[in-house]
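Undergrad: First the structure, which I've put down as structure tokens, then a few questions once you've had a look.
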């Protein structure tokens, strides 16, 4: 134990931290439940993006349970009042939180990428390579983080217990690991919050509707803010300092907030239809397709182009028609309808 008793006595910040985490956790569960409900009714529409976000939710439930267990064991108390057994139990719970926490983030981001791939298939094929690279990068980051976590100490249980002759990373190596993956989180959160905006603003939809979808998707910026604060408080993640189990509480709060915010932002775009119904109750008109004027086929295009147009309508294939006014690409118009279907509009 530490030599000097803390001035504020045997107090703990654990319950307060757990209350904050519980609020954001409940928000993530609510957004996920609404998403799955809209994907199951009136017809079954689950796809890979829903499966990945479901995996993130399962991992987050385990993370939240481990946090509850850590707090009940004394996480948030002064080290002075904790026994060696208490510390072992707390660090074991926190190790579980660390291992699964990054998978929550990666799976949520992959879910967003899969959703954007559906839009890409309908409209924006130039983004497909970028999205697949992002998916591979997220999987690589999660696996890389887990590898680092499992090799930080030899034997492994020295991560949470005092083991004679154990070999662990020194504090500087641990800090480098923490800062690298915190930086990856910030960059990834920012990228996945901004990327959808390039898709949405190209849709042929009313301004209010595009704004609504953008705001829902931009909830990922909240996760970015939490990741920045996590990086700021990372200095507390030094297990050699006195009162480490109390100092780390703030860092773990922001980690859980980032996870919950990212899950909510991944689910939010699929809640556009419920949000539209709520807005309609306040007098906001129902969103409708914008009418795009096209030159008459009879006056502008020759018979050959007319046949191509009717074939396009019949097969739903992309067709480009040329006439006196240049090229009119019909692919974008139908593609936008497909994209909005993917967002739960139709």
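Backbone N, Cα and C atoms are what each Cβ position is placed from, and that goes for glycine too.
Where the annotation comes from TrEMBL, it is an automatic prediction and has not been curated.
For reference, TrEMBL lists these features for the protein:
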TRANSMEM  17-37  transmembrane segment
DOMAIN    34-276  domain 'Rhodopsin'
TRANSMEM  49-69  transmembrane segment
TRANSMEM  89-117  transmembrane segment
TRANSMEM  129-152  transmembrane segment
TRANSMEM  176-200  transmembrane segment
TRANSMEM  212-233  transmembrane segment
Undergrad: Against the transmembrane segment (49-69), which of these stretches has the most C-beta pairs under 8 Å: 17-37, 89-117, 129-152, 212-233?
TA: 89-117
Undergrad: Can you work out the mean pLDDT of the predicted model over the domain 'Rhodopsin' (34-276)?
TA: 85
Undergrad: Give residue numbers and ranges for long-range contacts of the transmembrane segment (129-152): same chain, 6 or more residues beyond its ends, CB-CB under 8 A.
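TA: Residues 95, 98-99, 102-103, 105-107, 109-110, 113-114, 116-117, 120, 159, 168-169, 174, 177, 181, 184, 188, 191-192, 195.
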